[in-house]
Every structure is written in structure tokens, then in C-alpha cells.
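Database features, via Swiss-Prot:
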type: BINDING; residues: G229, R230, P231, S232, M233, G234, K235, T236; note: ATP binding site
type: DOMAIN; residues: 198-490; note: domain 'SF4 helicase'
Amino acid sequence: MARNKINNDKNIAANEEADIPIPRVLPSNVQAEQMLLGAILTNNELLSYVSEFLRSEHFFEPIHQKIYNAIEKITEKGLIATPITLRSMLTQDELFQEIEGAEYLAKLITMSMMVINPVDYGKIIYDLAIKRNLINIGEEVVNDAYNSSLEIEAREQIEHAEAKLYDLASESLNEKSFTRIGIPISESLASINRAMKNNDHVIGISTGLLDLDNKLFGFHNSDLLILAGRPSMGKTAFAINLALNACNNMRLKNIRDNQEIQSVGFFSLEMSSEQLTTRLLSMCAEIDSTSLRTGILGEEKYNRLRKEANTLSELQFFIDDTPALSISAIRTRARRMKRKHNLGILFIDYLQLIRGVSKSENRVSEISEITQGLKAIAKELNIPVIALSQLSRAVELREDKKPMLSDLRESGTIEQDADIVMFIYREEYYLTRKEPAAGDAKHAEWLDKLNKVYNIADIIVAKHRNGPVGNVPLYYDSQFSKFGNLEKRTFSSN
């Protein structure tokens, strides 16, 4: 009855003495399975202790899978699982008939008399199932590596294998059950106490922007934040500013609290790492990007540039500019970075360039898979994830260009999965394209409006699951792609 041999060439080991191939046996413990099932049939309450981590597919024997599954179904209905109730459910099953099921169930009951701690048997069954899955993954990795198809690169195969192994390793960690309320209460009080000690009341990672921190209270672990805007609004520039500020602020906090330095991860699916770092250098050294690209720099500017370059090089700031990554690849690389570099916050530019895994022809379904995947990364790694997003062209057709939640591309699922949705909007961009002719009566009115929004970027917090929404005006220097706190100013109509 037991499946104790693998009849294929992939699982054959050589006997070193006789040089005779010996079929390898998959790891299993049929007796442990029998004794556990018998114990549960004797006392159904034992099921609650093992069902938190043990599923029917963890059993090696197909008949044991069916018996365990039947026990779960019977008890879910509020009935008692006994050999009699099981027999009525499985009587038409061919495998049950083949092994003379009634006698077999009686045998299980007899074997249960020797069980001392059934939970230990459940753990043995679970551990052996993990080992069998590990063998399956190993075979899959070998078979994929033998596949010489040019459609799948070796790098993709490695990431696929790494993801499979990580999922297998973390499977037991994700089997969460009810937690007594005292534990999360203690965690909440600890968080509140930390907030009370902070004069700025920022309990997450500071954005480096006072008014934005007052609205968001910093970036919080396990949150998914969406930063959306139309082209030329400054999405990437703003994300770079936030990433650099977060990197510096995490470092200071880690040093103060005597903790391991956390790092920033930045997936740049659109721009190359060179383009991204050129923007960083322009922002920090306050040298326009045209001068940097053309190399037209005086000695003073060049020295300033070298100084900022040296400072930036020391930061725990990591960029991955691989194009068209799948959500699975992003998850794998983020996990690796968390493990190797203590990832503290993750930025992704931008959401619509990520590929789904299921290859759905429905783009809304694919975006749903991606946003759910990003939220899962935030929760699993316990970090904030900030993903940039495009907005629908419908914005340009309205008189009022301020974005709304309904303007998100494939909006329903993005809005639903995000903890915070922010829009970046610069009225200056639109006004400069509506300048009346010089001498026109409306020119003075236009100039007055432009003065009031000059160098201002509005960050519109449209959704905030745990806080207020509203508008946060910031200073924006388009020459250096630099954001800062906005000083309160008065404007003259002259």
C-alpha cells in the first residue's frame, strides 16, 4: 500500500560497494500517520491541536489524505468523526474499498492506544512532507536547468528556485492562528510610548518633510503606499527625495538606538541606475542635470559634485534597474535584500511596468495580482512599500486637473489594496502652458495665478487608512528636482 519507491532515473543512488543502482525511498512515516489518525478518531478534540499546521496533503499515503480530509469535513459540520461516520462518507471511494476500509479504520483505532503525544506525530508528518516538497523542488530545478530553451534565462531559473525554497522555508511561519489580545496590546502600548517620546510624533520612518510627516506620521511598516501622478508632475523626483530622506533618517535613528543600519531598496523599472543617480547628484549638489550630462562644469561645481558623490556612495541605498520584472522576482529580490542588507523601506518605479505571474489577459486582474503581491511583501518583510503609479489620461480632459482616486489606472484594486494613496499635482505645469499673449488683458491675472503656485507641488493624500486625508503643499525646485518644506509666503496682486 505504501508508496515507498521512486521508479525513475532522477532518484537513483549508486551503491558504492556493489555499484548497483538502488531506488531511493521518499521520506515518510506511515506508522506515525496511522497512529495520529487513530488518535483523532478516538478523540476529535485532538484535531484542533494539529489542524493549525497540518493539512491533508502533508500525509504521504493517499488513503490517509482522504481520511484526514473526511475527518475535517465531518467535524466542520459539528458532527463526531468515528469509523462509522467515516465509513458512510468514504464507502464509494475505490481506494477505501481496495484496502477494506472498515477493517483498516478499526486497525487505526487499535494503534491509537500507543499514542502518548499526538501533536508530536503531527509535527513528524509535517516535517517529512516539507522534505518531500524539497525533493520535488530539487528535481524541478534540475529539469529546468537541463532545458536549453532561450526563452528562460538562467537568472530567471535561479530566482524561481529561490522563491520556491523561500516559500517552503517560511510556510510554517505563515501558519498564524488566534493571538491572545494581551500580546498586540503590549505592542500597541510600546508604539504609543515611542510616539510620546518623539517631539515630532513621527512613529514611522520620517519623510524628511515636516508638513508631510504631520499628515502621515512617517512611513509605517507593513503599509503599501501608492504615489500617483500624470507625466511631468515629478513622481520619480519626489520618490528619489523620499528615498534619500528615509535613508538618512533611518541611519540616524539606527545609530541612536544602537541598531543595525537599515537600507533603502529602489526598483527602477523605467530609468537606468545611471539616470537615477544623475538625478540624485543634481539634487544633492544643486547642479542642473544639463550641466551634468554635457560635462560643462567649473572647478567649484565639480568639487561640489565630487563631495556629494562621495557622501552618497557611503549610503545603504541599493538600486535595481532590471526592466520588466515580475512581482515574483521583486518579492524574491526584496527578500534577499532583507536578508543581506536589512532592508528597511522599498520603492518601486513604477507599478504598471511590473509583470504579473499568472499572465492574465485581463489587465485589471493582473494589476490586482501585482498590488496584492506588493502588500504581501510589505507585511511579510514588515517594511513600508512605496509604489509609483500612472494616472488615466482622463485627467487631461477635465478643466480641473487635480487627480482623484477614480483617475488611477486600473483603479479599483489599487485603491483597495493600498493603505495610503497620494497624488502629486503641480498647477504651475498647466498654467505655464496657458500663458496669454503679452499685452493681453488676462496676462496680469495669469501672472498673479502663476506667482501663487510657482515652485509649489501639492501632495494630495486621497486615502489614509489610519489617519487624515488632505492637501500638503511642498516647495519644488524643478531645476534640481528637489523637494522641501514650504515656507509660508504672502503674494501681491501687483
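Each residue, glycine too, has its Cβ placed from N, Cα and C.
A simple Cβ count within 10 Å picks out one of the binding-site residues S232, T236 as the most packed, and that one is T236.
This prediction places the mean pLDDT of the domain 'SF4 helicase' (198-490) at 86. Highlighted in sequence order, I424 have their Cβ within 8 Å of the centre of the Cβ atoms of G229, R230, P231, S232, M233, G234, K235, T236, the residues recorded for ATP, and are not part of that set. Fewest Cβ neighbours within 10 Å among the binding-site residues G229, P231, G234: that distinction goes to P231. When other Cβ atoms within 10 Å of the Cβ of K235 (ATP binding site) are tallied across all protein chains shown, the result is 22. Other Cβ atoms within 10 Å of the Cβ of M233 (ATP binding site), summed over all protein chains shown, number 21.
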